[in-house]
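Among the features that TrEMBL reports, domain 'CoA carboxyltransferase N-terminal' is placed at A:31-289. Sequence annotations record features per position, and here TrEMBL assigns Zn(2+) binding site to A:C35, A:C38, A:C54, A:C57. According to TrEMBL, the zinc finger annotation covers A:35-57.
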Amino acid sequence: MSIRDIFRKNQKKRYATIPTEKAKNDVPEGIMMKCPECRKNVFTKDLMKNLKVCPTCDHHMKMTAWERVDIFLDEDSFVSMDDHLETVNPLNFPSYTEKIKADGQKTGLNEAVLTGIGKLDGQQVAIAIMDSHFRMGSMGSVVGEKITRAVEKATELGIPFIIYTASGGARMQEGVLSLMQMAKTSVALRRHSDHGLLYISILTHPTTGGVSASFASVGDINIAEPKALIGFAGRRVIEQTVREKLPEDFQTAEFLMNHGQLDAIIHRKEMREKVASIVHLHTTKEVTK
Amino acid sequence: MIKVLPFEEPIVQLKTKIEELKEYTASADVDMSAEIIHLEARLKKLEHEIYENMEPWDRVQVARHPSRPTTRDYIQLLCTDFMELHGDRLYGDDAAIIGGIALFEGRPITIIGHQRGIDTKENIKRNFGMPHPEGYRKALRLMKQAEKFKRPIICMIDTKGAYPGKAAEERGQSEAIARNLVEMAGLKVPVISIVIGEGGSGGALALGVANHIHMLENSTYSVISPEGAASILWKDASLAKQAAEAMKITAPDLKKMEIIDTVIQEVHGGAHKNIEAQAEYMKETLINSLIELEKLTPDELIENRYIKFKNIGEFNE
Ligand SMILES: [Zn+2]
């Protein structure tokens with residue numbers, strides 16, 4: 001089966017879910033899911049209708065990249081890019097290649113980000129959607145390259161670039177190459193910005209480390225999903241360093257909002273409409289009375 | 001007394017033995033000069049063998065040597081008329097990063113770098129060279145100032161990483177680093193970065209989006225410390241030595257990967273053995289870099305930086 005076929009298959013089976021190991025034991029696979037926040041069981045069908053937001057406690061659960069395509073972009077408008085790029089094992093880490101292959105099969109993605117061109121309420125946008133089900137969304141060479149190419153495409157076409165971030169940070173197994181992807185995506189974003197084009201960063205749970213400290217934080221507009229974990233250093237590392245209790249809401253979207261790091265926190269149900277509206281405000285050229 | 005590193009011990013032992021023989025010869029009637037000459041030749045060979053074949057972990061030890069020269073030492077030796085400039089104009093003045101204007105080889109430059117302390121007291125003041133957001137914002141302010149006055153920018157990288165603390169998160173550590181990356185990408189003046197000690201992760205990269213990146217031979221540049229890598233990858237921080245090799249973090253490694261431009265030679269045993277000589281090596285590389293970059297127009301400088309970083313990454317197409 002070619003990579004393309006995997007994608008087609010995945011596209012048809014739109015609401016594919018990835019039950020956790022624990023969920024598998026708790027409830028019949030696929031039919032019901034347990035909310036990781038309030039522990040209530042919910043019918044998968046109902047959960048999907050509710051955009052994977054818990055009907056009981058409003059917890060925004062993790063989504064796959066393809067699920068986000070479905071709920072965010074105009075129907076059948078999305079064309080993916082660079083699905084053919086393949087991760088290599090530059091530092092020869094044992095079992096790295098196998099792990100990448102396994103996650104590829106699990107998610108139907110070639111790497112931890114899905115990129116392409118699509119339409120948002122009729123407006124053409126370039127988009128990158130990170131998927132934390134693939135190596136925790138960590139950024140290696142292919143993730144950096146795919147995002148960079150998507151930004152370049154946006155610059156070439158003169159259209160907005162939108163990213164959904166979800167990442168644990170750097171991809172350890174690619175060493176300093178992983179670190180340098182922060183700089184690589186930044187030089188591309190700089191050029192996009194210099195063309196007067198709009199960049200919207202939508203931070204979702206979790207966005208930490210090198211991804212938080214690069215493209216995720218420098219949107220013209222930074223938006224987060226409610227309660228998303230967003231931060232530079234890990235909570236445990238900080239607790240060990242400062243030896244003081246951190247507030248309950250530390251590094252949540254709400255914490256960042258209170259500290260002036262975000263433009264808005266937007267509920268998943270309103271995300272499409274609100275972001276489309278922002279894009280309209282940046283592309284409307286004529287003055288209408 | 002300068003700290004001796006484990007890999008240098010055979011050299012120190014041999015040196016001690018030679019000293020003892022010399023003393024003995026001076027005080028006794030026995031002539032040991034033939035033996036001394038023999039041992040001195042062996043010492044030379046041994047020094048060559050050890051210092052020319054340093055393992056990654058040896059280099060990590062040198063990079064972390066308590067007497068390793070810091071940004072301030074190099075500014076003093078390379079520049080004249082240095083005037084330190086303080087503060088980010090937003091919150092405070094972070095002593096973990098210093099910066100200012102100076103003359104280098106007759107031209108005004110802006111020079112910025114991480115600053116560690118030389119003793120515990122200074123390290124507390126400078127937070128062991130681990131910046132808060134205001135450090136990065138001060139650095140950016142000075143870079144934009146340099147751009148306005150068309151001065152080249154030299155950055156010295158020497159940090160274990162950005163500080164992982166509560167206040168740093170509250171004030172936007174992520175944004176401060178990220179902002180520097182995109183802003184450095186667009187600077188219209190030459191930017192040269194030199195890793196002089198430890199180049200730790202995003203906190204190092206925030207001074208690293210340069211036209212030319214050089215590394216001192218015994219410096220490191222990595223996404224995570226060897227200890228951190230060992231505990232994540234193998235759940236055992238004591239495997240740091242193996243991680244230092246596996247992660248490819250030394251200057252020769254980064255040169256091989258074509259991430260950096262030049263490995264700046266170090267004096268035998270590390271920069272701390274002769275700071276003046278080390279500054280001379282550094283000066284030569286800096287002059288060559290500046291001459292090359294000063295030929296480029298502002299647009300070409302931005303393009304040059306773009307291509308440089310765009311090309312970093314390994315994958316199959
Ligand atoms: Zn719930």
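Every residue gets a Cβ built from N, Cα and C, even glycine.
TrEMBL: automatically predicted annotations, no manual curation.
Structure with TrEMBL features highlighted.
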residue	record	Cβ within 10 Å
A:C35	Zn(2+) binding site	19
A:C38	Zn(2+) binding site	13
A:C54	Zn(2+) binding site	19
A:C57	Zn(2+) binding site	12
What other residues of the same chain, not counting A:C35, A:C38, A:C54, A:C57, have a CB atom within 8 A of the CB centroid of the Zn(2+) site?
A:P36, A:E37, A:R39, A:K40, A:V42, A:P55, A:T56, A:D58, A:H59
Could you give the mean pLDDT over the domain 'CoA carboxyltransferase N-terminal' (A:31-289), rounded to a whole number?
95
